[in-house]
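> Sharing a structure below in structure tokens format, with a few things to ask.
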Amino acid sequence: MGDFTGMLGWLFLPQFAANLVLKTAHWILLRLSPRLVPHQSTSAYVLHQRISYALVIALYLLYTMWSTEQSLGTNYYHAFGLSPSDFSESRLRRSFRQVSLRLHPDKNPEGHKQFIIMQHAYKVLSNPLSRFAYDRAGHTAVACQSCKTLGDYMLMAIPRRLSVYLAYTMGCVAMQVFRIGKYGAFWQYIAIGAFAALELTMLTSTKEPGIIRVLLALVPHRTGHEMAQILQQGMVCFFIALNQIVPQFVPQEKNVSSLELAKELVTAIKATKAEVENKSRRLADVFKGSGLEKVMADEFKEELQLSMTLASSAKFQAEFTDRLNAGRQASSA
């Protein structure tokens, strides 16, 4: 449900928030320096719209990353007041004794369920194999009851983790089929492959990848698996943000009907031909009776038709270019 509402947020909230930011900014500028507030029909106003939209998208991207980190909740280390970076078995035992005194059913009947959860957490963290699996693959890996070795845990975790990236890939393909999210399409597949390789390295290596170690130094209370989840969500949100921001600054091609264009061109040619015939007749009247009327009319008609056709074609091209540019500006505004 959280992912669904997040996607709806990306669809509807940015535009609403961007309009609110723009109105607020202009309201403030009107009181401080009115000349800085452009008229709505100007290109400067369109630029203000684009900047406010890009700002909202960037802030919403940061908020989504923060909310993803918060939605992960408390991990087993949190429960004992520990973190993966400063873990020690002696501190774990000491913390578990304190928790047992507080939550044991004999002393706290209402804490029975919480006590069972803490027992399971202690069992996972006190065993080096299950702790390694928990750090690299999360709760689903340590839920395996038949796993006895590290290889068992990893063989169970790897297909599940890689299936996530398969789902991402299928989603990208579907977006390309329906022509959604065209910007950065190639780099989406590169990113999916890179993240899949990163997580596969995490699951099969005794040392965590360098980027994960750097992030764990910044967020020491999270496990490597949790950091990978945050990065995955960041990847998805980044490409959504990219496809929200880029159309604001890159003119969009407008589909122009070839049939409509051909009709307009034929109409222009007919009008040009009729005008040439009319002027040729008037020139023939000037030379009437001199014997040169036909020769002059024919030569004039040929030269005039050529020059007017070129002029009409240039004028039509200029008008069509202006109309196309206006359509691009309207679609990107």
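Sequential numbering from 1, following the chain as shown.
From the backbone N, Cα and C atoms, a Cβ is placed for every residue, glycine too.
I grabbed these lines from TrEMBL:
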TRANSMEM  7-30  transmembrane segment
TRANSMEM  50-66  transmembrane segment
DOMAIN    75-138  domain 'J'
TRANSMEM  162-180  transmembrane segment
TRANSMEM  186-203  transmembrane segment
> On the 0 to 100 scale, where does the mean pLDDT of the domain 'J' (75-138) fall?
88
> Of the residues in the domain 'J' (75-138), how many are helix, strand and coil by DSSP?
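The breakdown for the domain 'J' (75-138) reads 50 helix, 0 strand, 14 coil.
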> So which residues does the transmembrane segment (186-203) touch in its own chain, when a touch means Cβ under 8 Å and the partner is 6 or more beyond its ends?
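For the transmembrane segment (186-203), the list is 136-137, 154, 157-158, 161-162, 165, 168-169, 172, 209, 211-212, 224-225, 228, 231-232, 235, 239.
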